Amino acid sequence: MSETALDLARALISCPSVTPQDGGTLGVLESRLKASGFRTHRLTFHEEGTPDIDNLYARFGSGAPCLVFAGHTDVVPVGTATDWRFDPFAAKVEDGQLWGRGAADMKGAIAAFTAAALTFIEQHKDFKGSIAFLITGDEEGPSINGTIKLLKWAAEQGEHFDHCIVGEPTNPQVLGDMIKIGRRGSLNGILSITGKQGHVAYPHRADNPVPKLMRLIEALIGTPLDEGTDHFDASNLEVVALSSGTDAYNVIPAKAEARFNIRFNDLWTPQTLELELLARLDSVAEGTAYTLTFEPCNALAFITKPDQFTDLVANAIEKQTGRRPELSTTGGTSDARFISAYCPVVEFGLVGQTMHMVDERVSVADIATLETIYTSILEGYFP
């Protein structure tokens, strides 16, 4: 590994960029890219009720094909800083590890790809094609003023991407474990029933909505939504909260509601899920009036089917680690869901065991290997 990758990772981690703060991270990255000939654009996106977010777009070259790297420089809060072995923004190197908030998720990967890209450009000055960066400060937050708007802006400028790598920490245990080739969708909903409040000693004067809610919940979770597909696990509806608006033991509540989340595969859309849930509820409602509402969904299921590009990435990983990575769609959502509407996308970064945790850290050796993997991908992509 050139010192550039580790130095850049430390410089990025040293910037306290807890969403929505940038902390100077984009300036650090932009200066490196500009110095190597990238055209850069800093963009601040706005939306009422949300914080303004800074974003960075950079591109070297103008021809096709274009390989774009996408990532986020924002990080989650550190919690109690004194619980950490080292200052979470000191970017300390100790015991062969780089310590700090964002080391795994995902400043280490941004640094590794940047170092790989700069070295590749220096060694292949006349390569045919383009390398681009989509970097946001709004991935750990509401994801409203980040990648989704950056992609729209790029399309309006006539920018075209052929393939994308997202530097999420995809490896559960060791580097080379896993490539993400898709993600499940995510849909939030609320099921509510209105009854009549009353004293528990006089139930005939009230209408308790809780037993009715329990019966309807059973209709939602009693039968699996599906059995999964070739690339996805079965879809899952998980009830995450129950409430009735009162903590008193002697009061029958006037209203009861259940909040739930569905992680769904490529057999479903938010619209077909809504129809399925309504059909299940109506089959057992027996005259019970209910309300079923959903939050707006910006997390659809997507898949990049295995092809030459996924083989290129997998081969580069196997060459450097000796492991053939699993092609997976497990885990939560990421900004890859937005990118999938523009080009095929895969995710591969560092090991994610400590992401979002106290004492987040990554192996310095893994940063070196990841840089080499990214370099191998670039060399295979632009022969």
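Just so you know, glycine gets a Cβ as well, placed from its N, Cα and C.
Swiss-Prot has this to say about the protein:
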- Asp74: active site (ACT_SITE)
- Glu139: active site, proton acceptor (ACT_SITE)
- His72, Asp105, Glu168: Zn(2+) 1 binding site (BINDING)
- Asp105, Glu140, His356: Zn(2+) 2 binding site (BINDING)
| request: Report the residues of the chain - excluding His72, Asp105, Glu168 - with C-beta within 8 Å of the mean position of the site's C-beta atoms, for the recorded Zn(2+) 1 site, in sequence order. | output: Gly71, Met106, Ala109, Glu139, Glu140, Val166, Gly167, Pro169, Ser334, Gly349, Met355
| In terms of DSSP three-state secondary structure, what is the assignment for Asp105 (Zn(2+) 1 binding site)? | helix
| said: An 8 Å radius from the center of the Asp105, Glu140, His356 Cβ atoms defines the neighbourhood of the Zn(2+) 2 site; name the other residues of that chain inside it, in order. | reply: Val75, Val76, Gly102, Met106, Met355
| Here are some binding-site residues: His72, His356. Which one has the most Cβ atoms within 10 Å of its Cβ? | His72
| request: List, in sequence order, those recorded positions among Glu139, Glu168, His356 whose Cα sits within 10 Å of the Cα of the residue listed as 'active site'. | output: Glu139
| remark: What DSSP gives for His72 (Zn(2+) 1 binding site), in three states, is strand
| So how many other Cβ atoms are close to Asp105 (Zn(2+) 1 binding site), meaning within 10 Å of its Cβ? | 27
| query | What binding-site residues among His72, Glu168, His356 are found with a C-alpha within 10 angstroms of that of Glu139 (active site, proton acceptor)? | reply | His72
| field | Spatial neighbours of His356 (Zn(2+) 2 binding site) among the binding-site residues His72, Asp105, Glu168 [C-alpha, 10 Å] | value | Asp105
